[in-house]
């Protein structure tokens, strides 16, 4: 009998304990539901609007990213830059949308904005030159002042464009030297693109001695231009007396050729002018001195 009553007592205590625990859990659940209900009544609409703002902003960010890709493809922007630029634009829009959504919900965003601003300022100061080169690289890829294969002169050097990178542009000089130019220099200084036009003019200033027949020299130059296979007959090349120099008469000439034939035509014309001048006794002046010895006897 004693064991029976002890077992009953233990069972009753366990039952009471479990009942208390269940009752406590139920009460806490009801309290949580009440709290959530109160929060929903107080902030539910703001939360819903915040979620809608984020979803709509996410859609707009994706649309802008895809639209920017299409625009850059139609503008013939370098493919290596299209994905990079569109992703940066996408993430910037996402940050703006997230801040707007959190602000609508009631989360203080001033600290986020200040932190992002401080971080951006710190990065900007630390990477000032690199960011300048980066931004310039994007501008070059978008507006295309030159392209790969063009012969340009910039930042005190000249050469053929081999590669346009985000940070630098690679040139190769006529003697095959590799030249690396920071992109910021190419957007802040003058750039001469010799390959932008289909045709190009050869600008020559030819000097003949005052004792030579300059009219004959002009006729010889005109004949050379007419006989050269790469020089256009139209427009007619300009050949005229330009000015009187210290050592001779300067003749200005301006024939037109196809851009790709420029250097071959230039070298051939210069050689032909020298040969024809020599054959016709037309002297090209050069710096020299004459000493007169006075006889003191």
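Quick reminder: no glycine exception, Cβ is built from N, Cα and C everywhere.
TrEMBL does not curate its annotations; it predicts them automatically.
From the options 40-61, 128-149, the stretch TrEMBL describes as transmembrane segment is 40-61. Annotated by TrEMBL as transmembrane segment, the relevant range among 81-103, 150-172 is 81-103. Of the candidate ranges 109-127, 185-203, TrEMBL annotates residues 109-127 with the feature transmembrane segment. Helix, strand and coil content of the domain 'Mechanosensitive ion channel MscS' (131-195), in residues and according to DSSP, is 19 helix, 25 strand, 21 coil. Mean pLDDT across the domain 'Mechanosensitive ion channel MscS C-terminal' (204-284) comes to 94 in this model.
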